[in-house]
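TrEMBL lists C161-C171 with the feature disulfide bond. The domain 'EGF-like' annotation in TrEMBL covers 97-136, 158-195, 199-238, 360-404. Residues annotated as signal peptide in TrEMBL: 1-17.
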Amino acid sequence: MNLCIPFIVLILHLTSATENPTPEIVELTRLPRLADYYYYPDRTYYTNPYIGYRSQGNPYNGKVYVTDGYGQTRLAGSSSYSRGRALKVESNLPVPHIKMCSGSTCGINAHCTTIGDRPVCSCLKGYTGDPLYNCIRAECLDNTECRGHLACRNQRCVDPCQGVCGSHANCETRNHIPTCTCPPGHTGDPFKHCRVFDPEELCHPSPCGANTICEVVNNVPTCKCQQGYHGSPIAGCRHECDSDTECGHQHACIEFRCQNPCSQCGKNAECEVVQNHVPLCKCPRGYFGNPLTSCQPECTQHSDCPRSKPACFYNSCKNPCDGVCGINANCELRNGITPVCSCPKDMTGDPFTRCRPFTKEDLCDPNPCGSNAKCQPGYDRYNQERPVCTCHPGYIGDPITGCIRGECADDNECPDHQACFEYKCQNPCRGQCGANAVCNSRKHVAVCTCLEGYNGDALSNCYRVEGSEAKVSESYFCKNC
């Protein structure tokens, strides 16, 4: 009996609110059922689902709040759960209060818990849905109940890559965890933005050490020391030296590098490094000038030289006759630069070695005679000493130009009626017999006989015999005389 009175009072109030709305409640929609309740003035009222209010002039400025199955309260329009949850309306009106959990308080697969003397409905573990109406089995409780490329979010297997990675990034799920990467040829933060990769960025920032140069070679950053530095380009490069003492004795610290100090010498200068790192510069032989600035040659052409040294040889002025000719020899220059050596008129010898006074033997040295001829000192028709040339035995001809072998060397090389005279085969009867004698050649010998009627020495003179008549046989005459 006591329970019916509050229920009737609530119905009367609700009916009155529909016909004559009060300033607090102006609209009431759908009231499918009410649970057991008690009516407490000035307290919060929890309704069943699908009941909505729009109030004016209350402390919540007309806002409707929703309490879900976990006891969390929020604005009715701030969540997808604005329907199907218990509605809590703050009002100055006295409202009934449900104090205890009963079998009809919560929905299927839900359990009821009393919190602050109020029943609160929530789905069982592993279930989801409307705890005041019906809870169904959740799709998942953790990642292990989803496929490898899915993850458990709000008890549902969903793609974890959605909305996780940045623009132009690739997302790959590994063991339910999304992994964001930039695609090949791109770089950047895959959780924010991926952009086209510029190989030059490999050197910005530079992976190299101090005092180095970073260059990209075949898409690989390459480090090298700056000019004047050495060391490890990865760890850092430093000056080779800062003072001469850091260099060897033969080098000096020039522009922070151990270098040959001779580079400080001038053009064409010679350099000798002393032990204190200081170069000793000097002009080479035949050069003149300041060795610290420039050394110039004595000459570059013959016209640069004086008359005493008219020739320019290897950038030095020289007399071409110096040391060229022999002892006692004369030297003359032809064309101003070509030396010609000769012995004086009263001397002879090799002008390039030695000249000496003449001797008789010198008349035939060198031999002025021709071939097959010999030279002997003699005199000319003016009784002046001159070389005399004669052909060698067995040779005939001009001994000045050359002698040739004779026709014969002895009589055996001639016919019987001839004899070898002056290396020629000739009649031996020529001039051999005396007067009134005849000559016949027999075996290379001239045979002289007096004419018939004559007596005497046929080689010198034949005289006439008194009373005889001179007759000479034709055969007595030498046909070849």
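Cβ atoms are placed via backbone N, Cα and C, with glycine included.
No curator has checked TrEMBL annotations; they are predicted automatically.
The DSSP breakdown of the domain 'EGF-like' (97-136), given as helix, strand and coil counts, is 0 helix, 21 strand, 19 coil. Sequence-remote contacts of a segment are chain residues at least 6 beyond its ends whose Cβ falls under 8 Å from one of its Cβ atoms, and for the domain 'EGF-like' (158-195) they are 143, 146, 148-152, 201.
According to its DSSP assignment, C171 (disulfide bond) is in a strand. In the structure as shown, the Cβ atom of C161 (disulfide bond) sits within 10 Å of 18 other Cβ atoms. DSSP places the residues of the domain 'EGF-like' (199-238) in helix, strand and coil in these numbers: 5 helix, 19 strand, 16 coil. Mean predicted confidence for the domain 'EGF-like' (97-136): the pLDDT average there is 81.
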